[in-house]
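See below for the structure under consideration.
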Amino acid sequence: MSLQQKIKAYLKLGKLGVVSLLDLAAVAGAFLAYKHGISLLPIIPMFIGGTLASMGAMIINSGIEIDRDKVMSRTSKRPTVVGYVNRKEAIIVGSLLAILGTALGFIDNILTAFFIALGVVIYIFVYTILLKPRTWLNIVIGGFAGSAAAWAGYTSLTNSLTLEGFLLGFLIFMWTPGHFWSLALKYREDYVNAHYPMLPAVVGITTSARAIAISNTLMIPIVLLLGYYINLIALIAFSILSLFLMFLSYRLILNPTKEEAIKSFIFSNIYLMLILLIMIIVKLI
């Protein structure tokens, strides 16, 4: 296998699509903390470090889950499953990236490095190893891994975590269950076959649809409170986006199908992305 093919395999295992959303959360966190006269340069080591650490965590996850990935159609073609990267390689390379990413966080401050490392620890040890194979609460508690990215971004400029910074991380924590349960509902049989107790594999489609709607509903007050802290423009924009999210959640309850679930999954991605982009834009205006 050529070096170029190996690099492509690791990039695929690094899940750049997922990592890019974490990066956006980190940058949004930094801009949320930004005040006139503060240098934006600390964003650079935080961004690079967070990206490397997040990719490292994803690669380690793929190394750990090879056996279960083999029986899931969604993951059966991962480089770790088809043999391009073995378990030992994935864990070693992923660990090196996570360590390097955390080290870059120290260029800003200890708190930023701590949150970068915390995201890795929660994703690997709490979510992947401890909770995912054992309880449907896996993605609920594991959502704090995403929160850590936002907190790393916020602290990169402030070296402290205030209420507004905490709210951004808590928003991501609240967003995570409904988002991933929507995906798990579509691939419910995969999780059943792999013996993962993801909520849709445990309680069925109808109850899962209700849980997704409830999860999304509980998130919205956090979104609106964060919008209130930012400014009126953000509050109005967040309100409009939240209304559409609730509309899709209501449709999923009325028609709990895989097709509606994937629509909810796709829009929840767009929803969070737009919330984060709006936060950045209003700070630049």
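Just so you know, glycine gets a Cβ as well, placed from its N, Cα and C.
Values in this document were obtained by computation on a predicted structure and should not be read as measured data.
As annotated by Swiss-Prot, transmembrane segment applies to 13-33 (among others), with the evidence given as sequence analysis.
The feature transmembrane segment is assigned by Swiss-Prot to 40-60 (among others), with sequence analysis given as support. Within its own chain, the transmembrane segment (40-60) has Cβ neighbours under 8 Å at 10, 13-16, 18-19, 22-23, 26-27, 30, 34, 90-91, 93-105, 107-108, 112-113, 116-117, 119-120, 123-124, 128, 145, 149, 152-153, 156-157, counting only residues six or more beyond its boundaries.
Under the heading transmembrane segment, Swiss-Prot lists 89-109 (among others), citing sequence analysis as support.
Cβ atoms under 8 Å from those of the transmembrane segment (110-130) belong to residues 22, 42, 46, 49-50, 53-54, 56-57, 60-61, 64-65, 98, 101-104, 138-139, 141-142, 144-146, 148-149, 151-152, 155-156, 159-161 of the same chain, restricted to positions at least 6 beyond its ends. Annotated transmembrane segment per Swiss-Prot: 110-130 (among others), in sequence order, evidence recorded as sequence analysis.
The transmembrane segment annotation in Swiss-Prot covers 137-157 (among others).
Swiss-Prot lists 165-185 (among others) with the feature transmembrane segment. With a cut-off of 8 Å between Cβ atoms, the residues of this chain six or more beyond the transmembrane segment (165-185) that come close are 25, 28-29, 32-33, 139-140, 142-144, 146-151, 154-155, 158, 191, 198-201, 205, 208-209, 211-213, 215-216, 218-219, 222-223, 225-226, 229, 249, 252, 256, 258, 261-262, 264-265, 268-269, 271-272, 275, 279.
Using a Cβ-Cβ cut-off under 8 Å and counting only residues 6 or more beyond its ends in the same chain, the transmembrane segment (194-214) has close neighbours at 68-69, 71-72, 132-136, 138-139, 177-178, 180-182, 184-185, 188, 246, 249-250, 252-253, 256-257, 260-261, 264. Annotation source Swiss-Prot lists transmembrane segment at 194-214 (among others).
Within the chain, the transmembrane segment (218-238) has long-range Cβ neighbours (under 8 A, six or more residues past its boundaries) at 32, 163-164, 167-168, 170-171, 174-175, 178, 245-246, 274-275, 278-279, 282-283. Annotation comment: Swiss-Prot describes 218-238 (among others) as transmembrane segment.
Residues of the same chain lying 6 or more positions beyond the ends of the transmembrane segment (265-285) and with a Cβ under 8 Å from any Cβ of it are 21, 24-25, 27-28, 31-32, 34, 168, 171-172, 175, 178-179, 182-183, 186, 216, 223, 226, 230-231, 233-234, 237-238, 241-242, 244-245, 248. As annotated by Swiss-Prot, transmembrane segment applies to 265-285 (among others).
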What parts of the chain pack near the transmembrane segment (89-109), using Cβ distances under 8 Å and only residues at least 6 beyond its ends?
10, 13, 42, 45-46, 48-64, 80, 115-117, 120, 152, 155-156, 159
Per the Cβ filter (under 8 Å) with a sequence gap of at least 6 from its ends, the transmembrane segment (13-33) is approached by 40, 42-43, 46-47, 50-51, 54-56, 58-59, 62, 78-80, 85, 90, 119, 146, 149-158, 162, 164-165, 168-169, 172, 230, 269, 272-273, 276-277, 279-280, 283-284
